[in-house]
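Visitor: Here's a structure for you.
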Amino acid sequence: MKLLQKKGYKVERPLNKGSYGTVVLAHRLFRTPRCKDLKYAIKCIKKPAYTFLQEVNILRQLSRSRHRNIIHFVESFEDNVYYYVVLEYCPLGDLYECILNNDFPNAKNQPEMIKNIFLQIIDGVAHLHSHGIYHRDLKPENFLLSLSEDGSELVVKISDFGLACRDKISYDFGTGSDRYMAPEQFEEVDGAGYSPRAADIWALGICLLNLIFARNPFTYPHEKDPIFADYMLDAMTLFDVFPTLSQDTYNVLRACLCVSPEKRSLAKTREAVLAVTKWTTDDEELESFVNEEEEFRASDFMPAEDNVRCTQSDREPLRTPSVLTPANTIQRGLLPSKLPALSDVDENISTSSSPRSPASLAPVNNSERSYDSGLGESLNNMHIGKSIATAVPVNTKRSPYSCSAPAIVFPNSIKGNKDHLKFGRSWCDMDEEDEEDIVSFGSNDDFGASDELSSKHIGLADDWNVLSQWNDNS
């Protein structure tokens with residue numbers, strides 16, 4: 001770690017830690033033509049790290065065509081123990097924490113803010129794809145946030161290229177984060193590979209649902225997930241999972257969450273986002289409620305024979321949900337903005353009260369290569385076979401308004417459990433004992449006896465901070 005000082009960096013504090021390294025905040029002791037900013041985030045990756053060179057090569061390639069929605073690479077160097085990657089520092093953290101706390105900078109108009117954030121992510125992904133680079137681990141934790149130079153605009157930057165590749169067809173199954181994986185990426189079928197480009201587009205659809213509802217629609221993209229099995233049969237079951245989903249939002253999802261990879265389109269996704277006027281029907285439901293209240297009040301002055309309310313005979317029946325959760329569950333997301341932060345729990349799919357093995361749903365992997373993203377261990381790196389529990393049959397005769405998708409478990413405290421991420425820990429997951437271990441790193445100028453650090457102190461560098469196919473004619 002003393003090499004950092006020799007290179008002109010003074011460590012201020014740790015930002016993240018994981019199983020193979022740390023991310024620290026450092027400032028420049030002096031400026032150079034390459035390092036014009038004062039603060040940087042430095043990934044310190046313990047050797048050996050087999051994907052390091054590929055990640056750095058991709059970052060270098062992207063730095064030559066700098067894009068505002070891609071994290072900027074500054075430089076890299078190494079000593080006998082660590083690789084060091086110097087990247088721009090994003091002081092606002094990541095998108096996951098903003099969703100978790102329902103706290104976005106400059107969020108005066110939340111519907112427009114969602115559109116702005118998602119369009120920036122699409123533009124960043126389009127830039128990657130235009131250069132033949134495919135991320136394969138797109139999720140809110142890997143979208144860092146900063147402000148424009150004048151401080152008036154929130155800027156989203158795609159980060160963590162530990163699983164990125166240039167292969168148009170990939171055979172690396174089970175890489176990334178299972179809740180965001182495309183079905184063909186999650187599990188090998190008949191020895192066929194998958195398109196990382198199409199897998200990235202699928203992940204964008206899951207990210208959008210997170211952004212709007214703070215929820216994931218599926219626990220994993222496999223037919224043994226009952227909600228995903230229903231979705232494969234009929235994409236409109238999303239309206240059962242998210243009752244306030246607007247038609248505009250559904251049109252966006254039609255372009256990116258197609259079960260058939262060849263039908264996914266980044267250009268059509270962007271076009272549909274631009275056409276969105278509202279992401280949810282919350283306003284419509286509120287207006288309907290107010291109108292019904294007025295009707296009830298007016299009925300007090302009607303003759304008795306007129307004071308009767310009947311249902312319409314041609315009214316369409318309510319959909320029957322596949323997975324049921326408590327009827328009083330509230331879908332907490334960005335819309336509406338003033339709902340209290342509530343935790344939601346998966347039922348019939350996972351057990352939230354007891355920790356799960358991070359790889360309990362891992363697909364079988366024939367490769368012995370290590371796939372480890374900057375946010376944590378991927379399924380391939382666990383070397384544990386696939387074990388997916390068969391879903392328990394459930395009673396389906398309930399109103400769809402009492403149903404709920406498998407949820408991201410958002411704890412009330414930042415220190416809460418994030419076992420659902422399943423790929424290592426964020427800095428905010430550390431307990432007090434972990435913090436005591438790492439605080440000493442930046443306690444003095446030489447980064448605290450760094451030459452004697454053991455693997456106890458250094459962990460995985462989190463990213464800082466079929467059946468019927470989709471009917472496009474529907």
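Just so it is clear, glycine is given a Cβ too, placed from its N, Cα and C backbone atoms.
So Swiss-Prot lists the following for this protein:
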- 9-280: domain 'Protein kinase' (DOMAIN)
- LEU15, ASN16, LYS17, GLY18, SER19, TYR20, GLY21, THR22, VAL23, LYS43: ATP binding site (BINDING)
- ASP137: active site, proton acceptor (ACT_SITE)
- 345-373: region 'Disordered' (REGION)
- 350-363: compositional bias 'Low complexity' (COMPBIAS)
- SER353: phosphoserine (MOD_RES)
- SER354: phosphoserine (MOD_RES)
- SER357: phosphoserine (MOD_RES)
- SER378: phosphoserine (MOD_RES)
- SER404: phosphoserine (MOD_RES)
- SER413: phosphoserine (MOD_RES)
Visitor: Averaging the per-residue pLDDT over the domain 'Protein kinase' (9-280), what integer do you get?
Guide: 91
Visitor: Roughly how many angstrom lie between the C-alpha atoms of GLY21 (ATP binding site) and the residue listed as 'active site, proton acceptor'?
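Guide: The separation of the Cα atoms works out to 19 Å.
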Visitor: Give the distance between the Cα atoms of VAL23 (ATP binding site) and ASP137 (active site, proton acceptor), rounded to the nearest whole Å.
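Guide: Computed Cα spacing between VAL23 (ATP binding site) and ASP137 (active site, proton acceptor) is 19 Å.
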Visitor: Using all protein chains in view, find how many other C-beta atoms are within 10 Å of the C-beta of GLY21 (ATP binding site).
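Guide: GLY21 (ATP binding site): 26 neighbouring Cβ atoms within 10 Å.
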